[in-house]
Every structure is written in structure tokens, then in C-alpha cells.
Amino acid sequence: MMTRKVPIIAVATAPGKAGVGVVRISGQGLGELVETLFHRSLAPRQATLLTFCDADNQPIDQLLAIYFVGPASFTGEDVLELQCHGGPQLLELVMKRCLELGKALGLVIAEPGEFTLRAYLNNKVDLAQAEAIADLIDAQSEAAVRGAARSLQGSFSEDINGLIEEITQLRILVESTLDFPEEEIEFLENAQARERLAAVKKKLEALQAGAKQGKILRDGIQLVLAGAPNVGKSSLLNRLAGEEVAIVTPIAGTTRDRVKESIQIEGVPMHIIDTAGLRKTVDEVEAKGIERTWEAIRLADLVIFLGAPNAEPGHESLREEILGALPAKCPILDVINKSDLIEGGLAVSSSNEASPLLISAKTGAGIDALKQKILHVVGWNGAQEGAIVSRRRHLDCLERAAEHIAKSEQFAANGNNSLELFAEELFLAQNHLGQITGKLLPDDLLGKIFSQFCIGK
């Protein structure tokens with residue numbers, strides 16, 4: 001996909017019936033195809049109402065055609081967009097006819113993300129902006145939409161590029177000193193290198209904090225409700241969802257398989273998974289459900305370990321077993337349900353941060369406190385103004401850059417004797433930051449990133 005120079009075509013709108021469906025074509029020299037399709041030229045950047053005909057010159061649709069002459073287009077190439085009526089069969093016929101008439105030009109069906117890849121390769125967007133297009137389409141909340149839009153406008157890229165520029169200026173000073181050792185100046189003091197490095201570190205830490213919030217906005221939180229049978233996991237799911245999505249009975253072991261529901265808490269997507277109660281069983285179906293419970297726990301971002309006054313014996317040993325299965329850095333939140341059965345109710349709840357949170361899924365008592373606790377535990381700070389969406393890839397690059405900045409601090413502490421190593425660590429930090437916007441990224445990784453996009457994007 002990285003080296004294809006031929007024109008490409010795809011339906012750019014979602015599959016299914018709709019009022020409008022868009023067929024998009026991109027490539028060099030599409031003026032010839034326009035003439036062949038419509039027997040006339042089109043004024044660039046103007047919508048023209050036209051009749052689209054099949055090979056027998058029979059009308060297929062009346063559509064709007066818009067022709068963008070490169071480089072003044074999304075991809076940087078010539079682009080033709082056909083705004084048709086949105087029937088799947090109709091769009092298929094339009095695609096078929098375009099491919100027939102575009103065969104001489106080498107017109108082929110686009111691969112996933114190929115339009116956006118061409119925009120990136122032609123410097124219309126950087127990699128972070130290209131990813132923001134996909135994130136905008138996949139946004140699960142209003143906050144995620146706004147965050148992706150900021151990234152698409154270049155807010156995240158500007159911060160990254162600004163930090164790269166500061167490191168570049170620091171590297172210039174270091175390397176110029178290495179080139180003229182006879183000057184014997186105390187570079188680190190005279191150039192205020194340590195102060196500059198401290199400023200870079202502070203900005204990088206702020207970027208990391210913002211990116212962590214952005215990943216929560218983009219991906220949401222995989223929240224697993226786990227515990228023994230009959231502690232109220234399904235009741236809690238229903239309470240959080242605001243509707244009855246899971247069957248609730250007094251019979252232990254009612255939930256035999258995972259039940260998943262997505263909600264939002266203060267704009268943060270939460271993917272809640274109700275699981276089969278964990279216990280030893282000879283029931284083959286229940287055992288399969290328990291196996292899937294452990295699978296969900298191993299993939300969780302947060303586990304709510306639910307107990308109740310009437311929980312089966314072995315509560316603490318079960319908790320230890322869950323802790324052993326959790327992924328690294330995955331927190332566990334201890335919650336006691338059915339507080340309405342406890343004498344004094346919520347009054348017995350301790351103010352100790354480590355003590356279990358008391359709730360009642362039946363009455364709703366303590367649910368608001370639970371929601372706030374969830375947000376706190378996953379690291380959401382509630383700051384949505386100016387937030388951007390980010391990916392695991394971005395966090396990894398920022399983390400590696402931070403590691404090299406930390407090493408450069410160590411070499412800076414050694415004075416002029418370690419300037420070469422100081423410069424090398426700055427260079428490596430710069431490289432990792434550059435991978436976020438795509439300035440320094442292997443072609444195979446680029447292909448992997450864009451292959452996750454929709455066809456037509």
C-alpha cells in the first residue's frame with residue numbers, strides 16, 4: 001500500500017441505506033476520467049448536478065459531483081467525490097462503472113485508510129492528525145469528539161513539535177561545544193543547559209499527563225464486576241446502566257456468561273462487564289462462564305471486587321486469587337453491596353481510603369460515590385477543556401522520550417565530561433517524540449497504523 005501510485009476509489013460513507021452515499025476517487029490526472037464519465041469538464045471546487053449513466057447510457061442516478069484539483073484537496077491529489085443517493089446497490093453500480101471507465105488509468109479499489117495515508121504522505125496532515133480522523137469517527141462520547149477535533153486541528157502536534165524544537169536548540173548548543181573543545185567553556189553553566197533541560201522535562205510530564213487522560217477518552221475503561229455468586233453484580237450493572245440489561249434472581253449462579261454494557265460517567269466511556277460468580281462448580285455451563293470471567297479479569301483496566309453481607313465463605317481468598325490474575329497496574333476496587341441489609345446502613349462505612357465502599361444496588365445508596373471513586377482510581381482528573389484524544393502508541397513514545405530525558409539529566413550532572421552522552425540522550429528523546437507525528441517512523445509501522453482505518457477514509 002505504501003508505494004501504490006495508481007488512482008483509488010471507495011465508498012466513503014458507512015455501509016447501509018442512507019439519504020446520501022459518497023463515492024470518492026483520488027489520484028493524479030483525474031480530469032481525463034471526469035471527461036469520460038460525464039462528457040464534460042467540471043469547474044474545480046463547485047458542486048455540479050449531473051446524470052450518471054451505465055454502459056448502455058441508461059440513467060443510474062442523479063448526483064452531485066465535486067472535483068478538487070490537487071494539491072488543493074484532502075489527499076493532495078486530484079479528488080472526485082460523487083454524492084449519490086445512499087442505496088447500497090446503487091453505490092455498487094456507480095463504483096462498477098467508474099472502475100470500468102477508469103481501467104485505462106489503473107483505477108483500483110482503495111485499501112483501508114489509503115486516502116488518509118495519501119494525505120499524510122503528501123503533507124496534508126501529520127500522523128497524529130491522521131489518527132485523529134479515525135478517532136473522530138470512532139468517538140464514544142461528546143468529550144472524545146471534541147478531543148479528537150482538537151487533535152485534528154493540530155493542537156497535540158503543536159505541543160509535540162514545540163517540545164522537539166526546544167530539544168533541538170539544546171542539542172545545537174551541546175554539539176557546537178563538542179565541535180570546539182578548545183574553548184574550554186563551562187557549557188552547562190553558561191548556556192543554562194540544566195535549566196533548559198528541566199523546562200523540557202516539565203513540559204514532557206504535562207504532555208504525558210494529558211495523553212493519559214486522552215487515552216481514557218478514546219478507549220474508555222474496561223471495568224469488570226467480579227465476586228462470588230449472589231453478591232449483586234448483575235444488580236449493580238443494571239443500576240449503573242440505568243436499565244435492566246442483566247437478569248437478576250435470588251438464585252446463586254444465575255449469570256452464566258458475560259454481559260457487557262457501555263455507559264458514560266462524566267463523559268468517560270465505561271465498558272462494564274458483568275461476570276459469572278466465581279466458585280467451584282460441577283455445572284458444565286456455569287464452569288464455562290467462570291472461565292470467561294477469568295478471561296475478562298485478565299484484560300481489565302479496573303476490577304470492582306464485589307462482596308455482600310450474605311456472600312459465600314472464602315471472600316478474602318477469592319480476592320487474593322483475583323489479584324494474582326490481574327494485569328500489571330490494574331487496580332482493584334473493593335465494594336460491599338447490599339448495605340441496606342446492614343444495620344445502620346452506610347453509617348458503618350469507614351472514612352479510611354483503603355476500606356471497602358458500601359453501596360446498595362437495590363436502593364441506589366452510595367452509587368454516586370462509587371462513580372466518583374471509579375473515576376479517581378482510573379486516574380481521570382475531570383479536565384475536559386483543552387483535552388485531546390491519544391493512543392497507546394503516543395503514551396509509549398512519550399514514556400520512552402521521558403526515559404531518555406531522565407538519562408540526559410544524569411549525564412548533565414557529570415558536567416562537561418559527559419556532553420557526548422548528554423547529546424545522544426537528547427537525540428533519542430527527540431526521535432521518540434518525532435514518531436508521534438510521523439517524522440521518524442518505519443514504513444511497516446505506518447502500514448499497520450493506516451490498515452486499521454475504514455475503507456474510504
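Using N, Cα and C of the backbone, Cβ positions are placed for all residues, glycine too.
It should be emphasised that the depicted structure is a prediction, and the values quoted were computed from it without experimental measurement.
Noted in Swiss-Prot for the protein shown:
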BINDING   R24, E81, K124, K457  (6S)-5-formyl-5,6,7,8-tetrahydrofolate binding site
DOMAIN    220-379  domain 'TrmE-type G'
BINDING   230-235, 249-255, 274-277  GTP binding site
BINDING   N230, T249, I251, T254  K(+) binding site
BINDING   S234, T255  Mg(2+) binding site
Discussion item. Using DSSP and collapsing to three states, where does K233 (GTP binding site) fall: helix, strand or coil?
Written reply: helix
Item to complete: Compute the average pLDDT of the predicted model within the domain 'TrmE-type G' (220-379).
Response: 75
Worksheet, complete the sentence: Densest Cβ environment (other Cβ within 10 Å) across the binding-site residues R24, K124, K233 belongs to K233
Fill in: DSSP three-state assignment (helix, strand or coil) for K124 ((6S)-5-formyl-5,6,7,8-tetrahydrofolate binding site)
coil
Worksheet item: N230 (GTP binding site) has how many other Cβ neighbours within 10 Å of its own Cβ?
Response: 21
Worksheet item: Would you say which of the binding-site residues E81, S234 has the most Cβ atoms within 10 Å of its own Cβ?
Response: S234
Worksheet entry | DSSP state at E81 ((6S)-5-formyl-5,6,7,8-tetrahydrofolate binding site), helix/strand/coil | strand
Response to the item:
For N230 (GTP binding site) and R24 ((6S)-5-formyl-5,6,7,8-tetrahydrofolate binding site), the CA-to-CA distance in whole Å is 54
